[in-house]
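Trainee: Provided herewith is a single structure, encoded as C-alpha cells, for subsequent inquiry.
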Amino acid sequence: MDNAISFKNVSHIYQPNTPLEYHALKDVSLKIKKGSFVSIIGKTGSGKSTLIKHINALLKPTNGSVRIDDFKIDNKTNNKHLNPLRQKVGMVFQFPEQQLFAETVKEDIAFGPSNFGIEGAELEQKVQKAVDTVRLDPKLFDKSPFDLSGGQKRRVAIAGVLAMEPEILVLDEPTAGLDLQGQEYILDLIKRLNREHSMTIILVSHQMDDVAKYSERVIVMSEGEIVKKCYPDELFTDVEFLDQYDLRVPETVKITKQLGAKGFNLDKLSLDEDELINEIINKLRNEEKNE
Amino acid sequence: MNNFIFGRYLPGNSIIHKLNPAAKILLCFIYIFVVFFANNVATYLLLAATVVVFIILSKCSLSFFLKGIMPLLWVIIFTVLIQVFFSAGGHVYYSLGIIRITSFGIYNAILLFIRFMLIIAMSTVLTLTTSPLEISHGISMLLKPLKRFKFPVETFSLMISIALRFVPTLTDETKLIMDAQRSRGVDFGDGGLIKRAKAFVPLLIPLFVSAFKHADDLSVAMEARGYQTGKLRSHYHSYKWQTKDYSFISLIVIITIVTFMYRS
C-alpha cells in the first residue's frame, strides 16, 4: 500500500443530540502518500485540529472510516488496542512544552517509548537518537524541564515524540510563539526528518511562507470541509481562491507579482526565497547578455 | 458525560435568563430551604409544579433537561436504597441480618428521593440560565451586607469570578494535555487503581504548572492595569432590580407561606 493515511467519508460531530451539537467535519475524504510532506491550512475553527486528531484515534469518526496502514478506525473501534497505532503516529500538539512533566529532561523524553514497553539499553539508545536529531545540548539531560528556555522546552517535547520513532509525524503549529531562529530550526528539522528518514509529515500551519517553502501538497479546509487539495504553486497563484478563503499570499509570490506589475516578468514562480533570489539574478544576467 | 448538564450554562434569552442573578440565587436558596420543610403530597405537588413552571419559562426542552440530570439519578438511587435497607422504626416488613425494610425506611427513602430531585432540578435551572460571571456578580451582591463585619466581599467576589473564568480554560488545557499524553502512550482509565492513579501524574503536573503560570501572568497583567487590593472600584455591569425580579421573589415567598400552611 502506497497510502500512509486515507480518510473515507469521515464526519465528526461533537456532543451529538444536544443543543450544543457541532459538525466539525463533514464528509471528508483524502489520501496521503507515504513519505510525503502535506500541509493543512484554513481559518481557525475550520476543523484542522479535529481532522488531525483522527489520525491517531484521539477522536473517532462519527461516520466513515480512517485507515492508517493496517489500522482501520471507525466509530466501533475499541479503545483498548490503540497503542501500536499511537506508536506509529507521533503527534506534536500546539505548545507541546505544556506536556512536560518529568523530573529530568531525559526521563521526559523516555516517557513515550517506555509506555510502549521499551526498556534498558534500547530505551537509552532511542532517547540518545532523538536528542541527536533535535541537537539538544547533552548538558541539559539531568536538568528539570521547567528550568529550560521556551525554545529548548519545545525541542525536548519534540524529542519526546521522536523517541517513539513514529512513521508519521503530525504537527499542529510547531512554530507558534517562537522567535525567527527557533522557527527556522524546527522547520528545518521537520524537513530533514522528511527527507532523510522518509517520515510522512502532516503540518498544520498559518504561516503561508512556511507552507509554500516546505510542503509538497496542500489541503485547504473551510467549515469542516476540504475545499482544495493541490500543489503549493497551484494554490498560491490562484489569488481569487486565496481571497475567498481569507488566506495570505506568501512574500515570494507577492514580490514576483509586484515585479511583474513593473514589467519585470520572471519565468517561474518561486516559493522559496533563495530560489527567488537566484531567479532574479539569472534574469538580470540574461538581460545583460542580450543587450 | 456528553449529556451531563449539571452546572453547565446554555445561553438564551428567556425571562429566566434575564432575571437579576442575585434574585435567581436568592430564589433558588429559598426554594431549597422550603423543600426541606414540605412533608406531604399537597406541598410536594406545589413545589414540583413550581420547578416545572421554571423549566418551561427557561425555554429549555424538557426531554433534554431530564436526560441531562439522569446521570445523577444513580447517586440518588444509591442513597435511597441505603435508606430503604438500613432504617429502623415503624412496621417491619422484612429483616435479614442488619438489613431491615421498614415502613419508616420506605417513607424516608421516598422523601429523600423527591427532595433530591427537586433540589437538583431547581439548581440546574439556575446554572443553565445564568452564566458563571453572572453567578459571581449575584453572589457578591448577596454578600454585600457582610461588609459590615469586615468580610472582604470585593476580594472574595473577584476570586470567584476569576475561578469561574478559568474553569473552561483549564478544562480545555486538561483535554489538550490528556490528548498529548495519550498520543505518547498513556492509557487513562485502564488497569488497577495504582496504575490508574499513576497515569494521572503526567496530567496533573503540567496542569498545576500551567495554573501557576496563569496566576503569575494574570497578576502581573492586573497590576499593570492599575489593580490594587482593597481599593474601592466601580463596576462595569450594574444589575438593577426590576419588576420581574420582585414578582418572582414574591411568588416564591407566597409558595413558601402556602407550604408552611399546608405541611402536616
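Positions of Cβ are set from backbone N, Cα and C atoms, glycine also.
Note: TrEMBL annotation is automatic and uncurated.
From TrEMBL, for reference:
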{"type": "TRANSMEM", "residues": "B:21-38", "note": "transmembrane segment"}
{"type": "TRANSMEM", "residues": "B:44-65", "note": "transmembrane segment"}
{"type": "TRANSMEM", "residues": "B:72-94", "note": "transmembrane segment"}
{"type": "TRANSMEM", "residues": "B:106-128", "note": "transmembrane segment"}
{"type": "TRANSMEM", "residues": "B:149-167", "note": "transmembrane segment"}
{"type": "TRANSMEM", "residues": "B:246-262", "note": "transmembrane segment"}
Trainee: So are the transmembrane segment (B:21-38) and the transmembrane segment (B:106-128) touching or not, going by 3+ C-beta pairs under 8 A with a sequence gap of 6 or more?
Mentor: yes
Trainee: At a C-beta cut-off of under 8 Å, are there same-chain residues at least 6 beyond the transmembrane segment (B:44-65) that contact it? List them, or none.
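Mentor: Tertiary neighbours of the transmembrane segment (B:44-65) are 5, 10, 12, 14-17, 31, 34-35, 38, 114, 118, 121-122, 124-125, 128-129, 252, 255, 258-259, 262.
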Trainee: Other than its close neighbours in sequence, what residues sit by the transmembrane segment (B:72-94), given a CB gap under 8 Å and a spacing of at least six beyond its ends?
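Mentor: The answer is 6, 100-109, 112-113, 116-117, 120.
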Trainee: Taking a Cβ cut-off under 8 Å, which residues six or more beyond the ends of the transmembrane segment (B:149-167) line up next to it in the same chain?
Mentor: 132-133, 135-137, 139-140, 143, 211, 214, 218, 229-230, 232-233
